[in-house]
Amino acid sequence: MLSTMSPRLSLLLLWLLLLINAAHPVGALPRLCDVRRVLLEERAECLRELSEEKKALGPKTASGCERFWDNMSCWPSSALAQTVEVPCPKFLRMFSGRNGSLFRNCTKDGWSETFPRPDLACGVNMNGSFNERRHAYLLKLKVMYTVGYSSSLAMLLVALSILCSFRRLHCTRNYIHMHLFVSFILRALSNFIKDAVLFPADDVTYCDAHRAGCKLVMIFFQYCIMANYAWLLVEGLYLHTLLAISFFSERKCLQAFVLFGWGSPAIFVALWAVTRHFLEDFGCWDINSNASIWWVIRGPVILSIVINFIFFINILRILMRKLRTQETRGNETHHYKRLAKSTLLLIPLFGIHYIVFAFSPEGAMEVQLFFELALGSFQGLVVAVLYCFLNGELEVQKKWRQWHLQEFPLRPVALSNSFSNATNGPTHSTKAGTSEQSRSIPGANVI
């Protein structure tokens, strides 16, 4: 007896899952057209195999249960009194990312009902109240990261313009900062472009007219994300090198850093795109149901986070040792305050907060989304403020220009080294020239 529950259940699952999908901000759930296409492809493949089996049998009648399509899965032919196992339907794995199995018995009356229930076996939540709460949560999250990326984008553009405009600020350290700013800008822009492509008003546009363009957008998005992590790692590597190595060529290192920061992400993203094309080519490539393929990108990102965290710990150890040699015993409170300030300055520059959820379980996904999207979207804003707008030398330059224009409106503005040397802002001095060889570090003025 064929199951009469399967078609209704499949439609119910689709309806409930698509309610969640309508508000998902990061493109982790498929569109209805993607699900429909997967179902049609699997149905066509199942019917083709059934036709070939019938041709092979000829006029003979097969005993047992023949292959059939139940609107969710393709069940292979089976002998009587056998239990057949098939994996969870592909469209359910697209939503849940969970691998499971469904079973049917071949009886003298035909196929039995499916067991266990597909929603339970395949990890699909059928709780309507939970879905509504998640829907509202994801909407709020989307608003938060849109505000975060917008504010970060505006501040980063201004900060980048400032660093590019002042020739006195052109040094290896600030060149690295500028590349980091550009990576944050690209990350924000790629998020806006991705949302515009993945969530248009018309599903047909998404599914048919711009399928190739949509995949290119996702390739660009993944590249921008990886490039941002790469430049966070470059910041950590550069500062660690300043403290750990006495002499090295900063100019040659800058060339290597640029090649690594922009080149290494391209290699991994290209490998991911080729793998997706041949092994998981459905939808807009915004769904990562195959964990093995996703690790082509996730693996290097987690590795960069771990390496940067190791740099962070070692840098703090070196700073603590240096401070202990400089401080007197009676000034322990001041010593710890300066170390705390240095630590807080390094956290956004290195992206240390990412280590919290680098190895998070699936159950912590919503909390991880909050930290990485809602709070992480403001990281560019924080970095721009700390390493540009609160920069000590920039503060003096602005005040000096204002005073000079008021007192001598017809004379050109010239900044002497005495003003630069007198700076004592909340972050490190960014003066170029011989000061680079002094191995000053971010936050040196507050240590």
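Don't overthink the numbers, they just go from 1 along the chain as shown.
Just so you know, glycine gets a Cβ as well, placed from its N, Cα and C.
Note that the coordinates shown come from a computational prediction; the quantities given were computed from them, not determined experimentally.
Swiss-Prot lists 29-140, 195-215, 276-290, 356-366 with the feature topological domain 'Extracellular', giving a curator's inference as the kind of evidence. Residues or ranges marked as disulfide bond by Swiss-Prot: Cys46-Cys74, Cys65-Cys106, Cys88-Cys122, Cys214-Cys284. Positions annotated as N-linked glycosylation site by Swiss-Prot, on the basis of sequence analysis: Asn71, Asn99, Asn105, Asn127, Asn290. Per Swiss-Prot, the feature transmembrane segment maps to 141-166, 174-194, 216-238, 254-275, 291-314, 340-355, 367-390. Residues or ranges marked as compositional bias 'Polar residues' in Swiss-Prot: 423-440.
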What subset of the disulfide-bonded residues Cys46, Cys88, Cys106, Cys122, Cys214, Cys284 lies within 10 angstroms of Asn99 (N-linked glycosylation site), using C-alpha positions? Cys88, Cys122
Fewest neighbouring Cβ atoms within 10 Å among the disulfide-bonded residues Cys74, Cys88, Cys122, Cys214, Cys284 goes to Cys74
Within the topological domain 'Extracellular' (276-290), how many residues are helix, strand or coil going by DSSP? 4 helix, 0 strand, 11 coil
Round to the nearest Å and give the CA-to-CA distance linking Cys214 (disulfide bond) with Cys65 (disulfide bond). 42
Helix, strand or coil at Cys214 (disulfide bond), per DSSP? helix
Rank 141-166, 174-194, 216-238, 254-275 by Cβ pairs under 8 Å to the transmembrane segment (291-314) and hand me the top one. 216-238
Show which residues of the chain containing Cys65 (disulfide bond), separated from it by at least 6 in sequence, have their CB under 8 Å from its CB. Trp75, Ser77, Ser78, Leu80, Val84, Cys106, Thr107, Gly110, Trp111
